[in-house]
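Here's the structure we're looking at; comments come further down.
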Amino acid sequence: MIMVLRRLVGAVLALIVLSVVVFIATSVLPGDAASIVAGPTATAEQRARVAADLGLDKPVVTRYLEWAAGAVQGDLGTSYMGRRPVADAIADRLPASLLLAGLAFVVLVPVALILGTYAGMRSERVVSTASLMLVAVPEFLLAALLVIVFAGWLGWLPAVSLVPIGRSPLSSPSVLVLPVLSLALAGAAACSRIVRPAVAEAMRTPHVEAARLAGIRGTRLVFRHVLPGTLGPVLQMMFAGFGVLVGGAVVVETVFGYPGIGVELQRAVVTRDLPMVQGIAVVLGAVSLIALLLGDLVTRRSR
């Protein structure tokens with residue numbers, strides 16, 4: 001119980017640090033939110049009035065404390081653009097992002113298990129090197145390469161993931177394929193590197209050696225003797241993988257124009273919509289931290 005409380009306190013502190021860093025970073029971004037809201041033809045007096053209405057004339061510390069006080073109560077502030085509650089905008093966009101991350105997760109887990117198990121059982125350098133190279137490739141570059149191949153050269157899939165307003169992305173499955181692959185491949189490469197050393201260590205245990213001497217091979221050896229000994233790292237990989245996917249979805253959504261929270265974040269950054277940037281960053285950070293926290297707790301329980 002004490003360990004759980006420590007983890008929870010650590011997660012809360014991490015969120016506070018994240019919120020402070022994001023708030024400071026967005027506050028020092030070049031550009032003036034008041035000027036953008038007021039419009040290009042606004043006078044200095046009009047811009048000053050808009051800044052006062054938005055609270056931008058207050059010190060940074062005061063603005064952060066006011067935002068934090070509201071966030072504790074579930075109020076993430078109001079968007080500068082359209083004056084819409086940030087929480088409502090996130091609630092509209094987040095389900096599509098979670099859907100994308102969930103589908104990528106379904107692809108990621110078996111691919112990571114297969115690659116990690118194969119590399120761990122055979123000490124396969126080719127697979128290990130390939131996964132390391134794939135980890136080093138940014139999501140946006142991997143997404144661009146997939147677009148060039150499958151949308152440009154082959155013409156099999158759409159290059160963008162445009163979904164009509166009011167419709168679910170599931171209504172057009174083809175628009176999900178490339179974003180899901182972009183997320184899953186990058187995530188699987190990283191997660192397979194968690195599985196590989198665990199499998200290599202399991203292969204050296206006495207009961208696995210005995211099973212091999214008894215003539216047990218192939219999938220029977222893997223599922224009955226190897227993977228059960230790697231349960232902790234595998235569970236950790238799964239939960240950590242979902243957290244990685246949620247964060248990576250922001251980049252991939254921007255590349256494909258997918259109607260998730262990533263597109264909303266890009267718009268907020270461009271328009272200097274500070275409450276929206278702050279709210280999205282904290283929510284995504286919370287989702288990732290929850291996934292990592294659950295993974296850590298489940299891993300400890302499985303030991």
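Just so you know, glycine gets a Cβ as well, placed from its N, Cα and C.
Automatic prediction, not curation, is the source of TrEMBL annotations.
Per TrEMBL, the feature domain 'ABC transmembrane type-1' maps to 94-295.
As annotated by TrEMBL, transmembrane segment applies to 98-120 (among others). For the transmembrane segment (98-120), the list of distant contacts is 127-128, 131, 168-170, 176, 179-181, 183-185, 187-189, 191-200, 202-203, 222, 226-227, 234, 237-238, 241-242, 245-246, 249, 252-253, 258, 260: same-chain residues at least six beyond its ends, Cβ to Cβ under 8 Å.
TrEMBL lists 132-156 (among others) with the feature transmembrane segment.
According to TrEMBL, the feature transmembrane segment maps to 176-195 (among others). With a cut-off of 8 Å between Cβ atoms, the residues of this chain six or more beyond the transmembrane segment (176-195) that come close are 100-101, 103-105, 107-109, 111-113, 115-117, 119-120, 127-128, 130-132, 134-135, 137, 139, 142-143, 146-147, 150-151, 157-159, 161, 169-170, 230, 233-234, 236-238, 240-241, 244-245, 248-249, 252-253, 255-256, 258.
Annotation comment: TrEMBL describes 234-256 (among others) as transmembrane segment.
Through the fold, the transmembrane segment (276-298) approaches residues 4, 7-8, 11, 14-15, 18-19, 22-23, 26, 67, 71, 76-77, 79-81, 86-87, 89-90, 94, 235-236, 238-240, 242-244, 246-247, 250, 261, 264-265, 267-269 of its own chain, all at least 6 residues removed from its boundaries and within a Cβ separation under 8 Å. Residues or ranges marked as transmembrane segment in TrEMBL: 276-298 (among others).
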Distant-in-sequence neighbours of the transmembrane segment (234-256), which means Cβ under 8 A and at least six residues beyond its ends: 97-98, 100-101, 104-105, 108-109, 112-113, 116, 138-140, 143-144, 147, 159-161, 175, 178-179, 182-184, 186-188, 190-191, 194-195, 198, 227, 262-263, 265-266, 284, 287-289, 291-292, 294-296, 298-299, 302
Contact set, same chain, for the transmembrane segment (132-156): CB under 8 Å, 6 or more residues outside the stretch: 177-179, 181-183, 185-186, 189-190, 193, 248, 251-252, 254-256
